[in-house]
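Undergrad: Okay, handing you the structure first.
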Amino acid sequence: MATRLVEVQKLKKWFPIKGGVFSTTVASVRAVDEVSFFIDQGETLSLVGESGSGKTTTGRTMLKLLQPTSGKIIYKGKDISKLTPNQMRPLRRNMQIMFQDPYGSLNPRMPVGDIIREPLDVHSIGTRKERQQAVATMMETVGLRPEYERRYPHEFSGGQRQRIGVARAIIINPELLVLDEPISALDVSIQSQIINLLQELQQRLNLTYLFIAHDLAVVRHMSDRVAVMYLGKIVETADNDELFDHPFHPYTQALLSAVPVPDPDVKRERIILQGDVPSPINPPSGCHFRTRCPYAMPICKEQEPAMIEVAPGHTVACHLLTRK
Amino acid sequence: MSPFETEVQLAGSGPESYFSMVIRRLLKHKLAVISLGILISILIFCFVVPLFFKYEPTYSDFSYLYGSPNSRYLFGTDNLGHDTFTRLMYGGRISLIVGFSAAILPIIFGIIVGAFAGYYGGVLDNILMRITDAFLSVPSFPIYMALAKVMGQGVINIILVFSFLGWMVDARLVRGMFLSLKENEYAEAAKAIGVSNLRIMFRHLLPNAMAPILVSVTLTVGGAILSEAGLSFLGLGVPSSTPTWGNMLTNAQQDIFIAPRLVIWPGIMIFITVLSFNFLGDGLRDAMDPRLKL
Ligand SMILES: Nc1ncnc2c1ncn2[C@@H]1O[C@H](COP(=O)(O)OP(=O)(O)O)[C@@H](O)[C@H]1O
Ligand SMILES: [Mg+2]
């Protein structure tokens with residue numbers, strides 16, 4: 001039986017929009033709207049959805065880099081959602097994040113050795129010499145030459161910078177790592193190198209991943225389970241194979257139809273979604289996806305679909321399930 | 001095969017720190033290089049040359065008042081028989097010390113106020129910026145006069161007065177920088193690691209705000225030298241017995257027709273120094289902006 005590392009319950013993150021003379025809240029960006037999922041120790045949960053669906057916000061709120069509006073974040077059985085930033089600081093050792101942007105996420109005025117060493121400095125781990133040694137070892141582990149330690153981020157390529165980002169995230173031995181689209185800014189030729197590195201590290205260090213991606217193509221190689229997100233809601237969750245073989249939600253099917261099929265005998269119809277993602281400030285009533293759904297029914301407008309388990313571990317929120 | 005098989009060649013030509021990049025680019029800026037040369041010469045003139053020179057600035061040759069330049073007194077003497085050359089050197093010391101101190105103290109204060117306001121935002125930002133606005137609305141001139149009366153004239157006092165009334169522009173500059181810098185993902189990354197707010201502010205963000213701060217300091221040095229001259233001229237600055245370039249100008253004003261060179265020398269020193277600081281500031285600004293092709 002796998003142990004649960006983290007569980008998120010009805011997590012909500014609304015960004016208030018201030019306006020008017022007295023700067024009152026006039027509206028909210030419902031970036032994450034009652035999202036629930038869990039991740040077991042050592043597994044990879046992929047969070048997939050178009051850009052703007054709230055994946056980054058989910059990841060950051062789960063790590064308490066953003067204060068949740070409501071909901072619970074249960075880390076190893078303990079609710080951390082209400083902890084203050086100071087109470088969170090010691091826990092940061094256990095949960096790390098790797099960012100999407102290889103350029104913005106590294107301080108341009110810091111040599112990479114200092115960047116990688118900083119987590120050790122901050123948590124006072126080891127002596128000065130031990131830290132220095134750890135940095136060299138870590139640089140080698142992620143495929144960077146330790147001699148480059150005094151160089152600045154702008155001297156490295158995008159792929160190398162992501163390696164620096166990985167090194168910084170794992171040097172303190174975290175348990176949980178949020179990977180926020182770690183390869184989407186990289187050349188295709190580099191992407192697989194970073195994916196291989198991440199998989200290798202997961203094996204070796206028994207890491208647990210929340211892997212965020214905007215399409216399903218990479219996800220298949222990476223994940224144990226997949227959660228599909230649309231406009232602040234998770235619409236479908238399933239084991240990797242189950243999701244790819246039996247996608248239920250029309251949105252999942254659309255995402256899946258965009259993935260190139262390696263086997264030319266298997267024909268898959270490409271579903272092109274109509275229109276744009278609606279604004280999370282004023283999302284559609286009922287099911288958020290209904291404005292772009294080819295199967296939209298009257299009930300979709302009136303009622304938000306409930307999460308229903310269609311197979312063990314496979315949950316879907318769609319009115320098609322209850323139609324009769 | 002090396003364990004770094006996946007590695008691509010480094011993007012840059014070799015290790016170049018930000019500092020050496022700035023120097024390299026600054027050296028391409030002709031006016032700034034000339035200005036830097038002039039400023040270094042002036043520093044040597046004021047701080048090193050007097051060590052090897054025979055006169056004290058207070059030495060008076062009463063047999064040679066308003067003396068023309070000769071081999072003993074290279075730039076002549078003033079109404080009290082002081083050697084102008086010596087007094088230019090010692091006066092420059094005070095003027096430059098006032099200039100540097102009056103630029104560095106307010107920038108330190110401005111950095112602290114601006115960093116907290118910009119980083120934390122919200123209520124703290126509001127309070128700090130309203131205080132800044134209040135200070136900006138203080139008519140500085142009457143305050144100079146009042147403070148000079150209360151605290152007395154003196155080098156330290158004038159530095160304190162300049163600092164007291166000079167930090168606001170720096171605070172606003174730094175606040176603006178911090179407002180945008182804190183949105184950088186590396187600030188978020190630092191937070192994710194568990195870095196404290198203070199360390200994020202001063203170890204991560206401040207180095208990235210240094211370019212405009214340094215430019216501002218450079219320009220302020222020139223400005224402070226000018227202000228010192230102005231205040232001394234009005235009898236509010238450094239006591240007139242202490243030689244500064246401003247005081248030399250002041251003392252020479254009634255003699256402008258008898259001995260115009262007594263006005264011209266300190267005037268030229270102030271002019272050249274301030275101008276050089278301004279050119280250097282411009283050069284630094286360009287050199288520190290990597291987006292600008294030089
Ligand atoms: N700090 C913020 N303030 C206001 N709105 C935000 C903020 N961060 C994200 N959003 C909004 O929340 C929504 C979800 O964003 P994000 O989590 O970045 O999505 P994704 O990572 O899936 O692309 C977007 O509409 C975005 O504009
Ligand atoms: Mg994102």
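Note that the numbers count up from 1, one per residue, in the order the chain is shown.
Note that Cβ sites are derived from N, Cα and C of the backbone, with glycine treated the same way.
Whatever TrEMBL says is automated annotation, not expert-curated.
Pulled these features from TrEMBL for this protein:
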- B:31-53: transmembrane segment (TRANSMEM)
- B:92-281: domain 'ABC transmembrane type-1' (DOMAIN)
- B:94-120: transmembrane segment (TRANSMEM)
- B:154-174: transmembrane segment (TRANSMEM)
- B:209-236: transmembrane segment (TRANSMEM)
- B:256-281: transmembrane segment (TRANSMEM)
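Context for these features, please: burial, neighbours, distances.
TA: Below 8 angstroms of C-beta separation, residues 85-86, 88-90, 92-93, 96, 269, 272-273, 275-277, 279-280, 282-284, 287 of the same chain, each at least six residues beyond the ends of the transmembrane segment (B:31-53), sit close to that stretch.
Sequence-remote contacts of a segment are chain residues at least 6 beyond its ends whose Cβ falls under 8 Å from one of its Cβ atoms, and for the transmembrane segment (B:256-281) they are 31-32, 34-36, 38-39, 42, 66, 69, 75-76, 78-79, 84, 88, 91-92, 95-96, 99, 215-216, 218-219, 221-223, 225-226, 229, 245-246, 248-249.
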Undergrad: Quick test of the contact rule: Cβ under 8 Å, at least six residues beyond the ends. What residues does that give for the transmembrane segment (B:94-120)?
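TA: Same-chain contacts beyond the flanks: 42-43, 46, 128-129, 132, 155, 158-160, 162-163, 166-179, 181-182, 197, 200-202, 205-206, 213, 216-218, 220-225, 227-229, 238, 242-246, 269-270, 273, 277.
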